[in-house]
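A short write-up of the structure that comes next.
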Amino acid sequence: STMKKRKTTDSSHASTNLTEGKEKLRLKQEVGLISGVSLIAGTMIGSGIFMSPEWVLHHMGSPASSLLIWAACGLLAMFGALSYAELGTIIKESGGEYIYILRIFGSFPSFLFAYTSVILVRPAGLAAVCLSFAEYAVAPFYPGCSSPQVVVKCTAAACILVLAIINCLNVRLATTIMNIFTAAKLLALLMIVVGGLVLLVKGQTQSFQNAFQNTTAGIGAVGVAFYQGLWSFDGWNNLNYVTEELKKPEVTLPRAVMIAIPLVTCLYLLVNVSYLAAMTAPELLSSGAVAITWDPGDKVLGSWAWLISLSVALSTFGSSNGTFFSGGRVCYIAAREGHMPDILSMAHVRCLTPSPALLFTSAMSLIMIISGSFTSIVNLFSFIAWLFYGMTISGLLYLKIKKPELSQSYKVPIIIPIIVLVAAVYLVLAPIIDQPQIEILYIIPFIFSGIILYFPLVHFKCHPHFLQRVTLHLQLLLEVAPTTRD
């Protein structure tokens, strides 16, 4: 069976050989429970909670229904992560959805995932986070009005270029930035939560009176609201990308999930309550950067209100750095398995970083920033992500029914992956049926366009000679070498 054909020798050698710097970060040191909780929570708390609340409220129409969406998003992320935890104890390899789809369904669907992820999903995630960083970075320069989109997009593009330089030159610097900026995001959220509690004590509860009034009931609007909310929870599956480096994955995975996700969910709900305490629904809807306008008239922080914009900008920059850092992992593993060009599995001979994969992700992210807005990119990202989440969860259900003996140490009740699969089907179909958007309608043909590449290049291994020459010239230009061989 496909499950038994595990390429452990070459894979483990490649993982260890990718870079000494990366080995120090993820392979040399084993990841325990505390590190696992930090990895999940630190990735989840990014730009979404500072950008998505107004869009969730926009699509749901009322404060109370938007809070219900946030709670439901946390519950769905929890169910999804628990299901992935069982997969991680069965298939103890790094790579997340890609490796699960490869081992369960085979080469073709895993290639379609890698093709879509490398070209669309990962770049879209990076583009959305960098756009949110840009919104907060330039907002103080345009008080009282919306920031010009040209300025926002140029700032986001500059952010991507800076991240590309940092991550291609020095792995340790990239990870240090992630650790330092985690403190900034926690500071920003705690200031907002405490400030909101102060406002509630002072009696600012107008947003919670008739809180369900104007609630939207359309299935498409609810689906798009889920997209925006779930964007803030993205990262609930991040621990599955480093399964090979976990101490006792059958114990660490489920425990880390059960600690991290409820904590993040409670924090997100408190932050949303704080937003609604500080602003009326119309004020929140008119905000381009909700945390900036959270303190109207400087009622809470006074002359220190600028700390919010600074903290959020640092937070989103750190989050975009983390997204960029992990973005090359699927690309590298797919190239290691022969599903991507060889150049993407190579590392710089001196800096010891996967620079080709990072540069490719940068180029695709720049294209998305030029052509899209934050909300359209998030909808695009979420649609594709939940399409493949659903495929992965269906693989777990297949294993639980057909091969129950594989899962011995940790089993999730079968109703949980069923709920996640139903939710994934809803999130994929509802926006198409009720509110079809042009970028979503293009995605399915794009995914299946991978068929044109798969059969000649992967299945039949027909590699034109000019591709080998291109690879050689790129190696010389980028100063990279293969990591899958001695």
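Cβ coordinates are placed from backbone N, Cα and C, and glycine is handled just like the others.
Unlike curated entries, TrEMBL annotations are predicted automatically.
Annotated by TrEMBL as transmembrane segment, the relevant range among 97-118, 119-140 is 97-118. Across 31-52, 154-174, 180-201, 256-278, 439-460, the stretch most heavily in contact with the transmembrane segment (97-118), judged by Cβ pairs under 8 Å, is 439-460.
Proximity of the transmembrane segment (411-433) to the transmembrane segment (64-85) is established through 3 or more Cβ-Cβ distances under 8 Å for residue pairs spaced 6 or more apart. Using a Cβ-Cβ cut-off under 8 Å and counting only residues 6 or more beyond its ends in the same chain, the transmembrane segment (439-460) has close neighbours at 107-108, 111-112, 115-116, 120, 338-339, 372, 376, 379-380, 383-384, 387, 431-432. Most Cβ pairs within less than 8 Å of the transmembrane segment (154-174), among stretches 31-52, 64-85, 256-278, 356-374, 380-399, belong to 356-374.
Pairs of Cβ atoms less than 8 Å apart link the transmembrane segment (256-278) most often to 64-85, out of 31-52, 64-85, 380-399. With a threshold of 8 Å between CB atoms, the same-chain residues lying at least 6 positions outside the transmembrane segment (31-52) that come near it are 77, 81, 128-129, 132-133, 135-136, 178, 182, 185-186, 188-189, 228-229, 231-236, 238-239, 242, 245-247, 251-253, 255-257, 259-261, 263-264, 267-268, 271, 289-291, 312, 315-316, 319-320, 322-323, 326, 374, 378.
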